[in-house]
Amino acid sequence: MDFLTADLCDEFSDRLQILAPGYASFGGHARFAGRIATLKVFEDNSRVREMLSEPGEGRVLVVDGGGSRRCALVGDQLGALAVRNGWAGIVVYGCIRDSVALGLLPLGVRALATHPLKSVKNGVGERELAVTFDGATFRPGDWLYADEDGVITSPDPLL
């Protein structure tokens, strides 16, 4: 990807939202972009697997995990599933695991931290709704751009 979030902020700041700093990059792609798809879950990644099983078509899955640091919502198996199905990236308001394996995948992954414990699988969660965390609202169909400097969203494509 050939963009810098700093340059996009300079040019389009009036129509952007910026995710608060603190999200580490765990995927093999530090820079990624795509249309947003959303999930709202809490310590249950069943819906994450469901969503990543669908064609990604270059989208970015934004998972509002409530900021939980008690288990991981994404690991190497879900990362590999995302790659197979054409997802550009995953942003998690929560934790991931299998960070070394995720780092080898051609996928963008941002999350608060790592945690070795897997989540429960009770099939609970909501999809394709606006989710807000850490200063930004993520709406299905909006655009997300992530690089080494941060994560931004826009209602319109910027590139």
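Including glycine, each Cβ sits where the backbone N, Cα and C put it.
Features reported for this protein in Swiss-Prot:
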type	residues	note
BINDING	Gly75, Asp76, Gln77, Leu78, Arg97	substrate binding site
BINDING	Asp98	divalent metal cation binding site
Which whole number of Å gives the largest C-alpha distance between any two of Gly75, Asp76, Gln77, Leu78, Arg97, the residues noted as binding substrate?
10
For the binding-site residues listed here, Asp76, Asp98, which shows the highest count of neighbouring CB atoms within 10 A?
Asp98
With Cβ-Cβ distance below 8 Å and at least 6 positions apart along the chain, what are the contacts of Arg97 (substrate binding site)? List them in sequence order.
Ala72, Val74, Gly75, Asp76, Thr114, His115, Pro116, Leu117, Lys118
Looking at Cβ-Cβ distances, which residues of the chain lie under 8 angstroms from Gln77 (substrate binding site) while being 6 or more apart from it?
Asp98
Within the same chain, and leaving aside Gly75, Asp76, Gln77, Leu78, Arg97, name every residue whose CB is within 8 angstroms of the centroid of the CB atoms belonging to the recorded substrate site, in sequence order.
Ala72, Val74, Gly79, Ala80, Ile96, Asp98, Ala101, Leu102
Counting other Cβ atoms within 10 Å of each residue's Cβ, which of the binding-site residues Gly75, Leu78 comes out lowest?
Gly75
